[in-house]
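Working notes, structure below.
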């Protein structure tokens, strides 16, 4: 990336402790090598744990063992989560087989598909970190900037049916990912064993990021209407593909300022949907990334991490001022945004045939967890498919997987393996379950306040019973759960959203847009399951009785008065008492 002449970052002594740590880290090297070599603990130092995030690694521990290990005077059961950088969620069969091999060797026989179209390994011990990352390197994968205060993994619509258009957009998304990540010589030295090169010989280590990188994480995504599978309005920087009448790519509408994270009882924090500010041709995408990220680098809040995301930078300085600064850095004005429409943010499950005649099958992976379960050997089945598949795999933003680019001759073999391992969702799987999504949460995530991945399938089963009672079992309703308010599953744009507050207690949100175009609003705070189901029973019964033709549940919740529509992120935390016969807002 090109540096700018307008770096407004303050000197590190005036900034937060995290900013000072980055500045003093020797470009993210810290003492990571020393921590890795320490045989007396399964952890790394506190400062190195923060720096490891830039390397795509989170230090965690098994929270279910904490009390027992404390009684035994043992340190926590430390382990690490590793997140792969996978632009647009595309990987080859050879890469899938290597990921499977590493998961079995070091990751507890489990792979986790994420809401940003990549893989996570959990349960990796410290002494296995280098072997895991070196194994990824063997198939040209890495974990650079998968976490940390930088440009995170770049997303791209996973629908392969639009073959030529998808290929054009994906190619630009991949270029943006390669361009936006830090240069990270530290990564090459620590994990791949490369020798350090003197800065005077190779130029500045980080010509764009400098010593303090970005104030917080920065998320970029590319979407191809009419499917908003990446939830483009939740991205810091979103590119909405615009195709001409001939289906060829004309360029992108640019959306800025989305983000989900918030903190309970902190009204100054809130989710925000991105604003569309204009249009750029394909050749201006990389420059637009530089300009937008440069504004956040130079104007983002480096004193208060809770207010450091780009969405707050926009709200503090004003959208018009931020757009003007982006255009100043670009050296040209954005063109007016062009018309587009979205109609869903879900996946087209099952078999599809693309424009080029190639076949693709999208498999439902509940909450993205690939393990071998009794009667459902997901990990095993997909490994066997990867052994014979000549095309690619694509991870969707809904934590599902597409087996893509299947030829006519190959299809019968793939179909046979799908039947053998029972990998396709049956007709009895409800539309609600197919549109459900949860973050990992307990027992590994250190931020989780309540269950998510392990609990949502059970809760969905109870809501399914309500849907059957009211004749709504085939109605597509989006439901998302996060174990804390940070919102990794993007719950604040779901028609039914839940975020953990304490063990067994959740905030319940209603009224999100079916294709991610509207934030929802809280209707129950710190509520137990019984109160959640009671309120949903009331609203679903009302929906079944009084909905309009084609009206989605989230739209109905707003129209019927259960929630007032959120028109701006800063309005999200203003409580609105539910109406239309709903229960009280606290339970």
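Cβ atoms here come from the backbone N, Cα and C positions, even for glycine.
Note that the coordinates shown come from a computational prediction; the quantities given were computed from them, not determined experimentally.
Annotation for residue 484 ([4Fe-4S] cluster binding site): spatial neighbours 441, 445, 447, 448, 449, 450, 499, 500, criterion Cβ-Cβ under 8 Å with sequence separation of six or more. Swiss-Prot lists 439, 445, 484, 488 with the feature [4Fe-4S] cluster binding site.
Under the DSSP three-state reduction, residue 488 ([4Fe-4S] cluster binding site) is assigned to coil, being neither helix nor strand. Positions annotated as siroheme binding site by Swiss-Prot: 488.
Here Swiss-Prot flags 1-13 as compositional bias 'Polar residues'.
Taken from Swiss-Prot, the feature region 'Disordered' covers 1-20.
Sitting within 8 Å of the Cβ centre of 439, 445, 484, 488, and not among those site residues for [4Fe-4S] cluster, are the Cβ atoms of 440, 441, 447, 448, 452, 482, 483, 486, 487, 489. All protein chains considered, the CB of residue 445 ([4Fe-4S] cluster binding site) has 22 other CB atoms within 10 Å. Within 10 Å of its Cβ, the residue among the binding-site residues 439, 488 with the fewest other Cβ atoms is 488.
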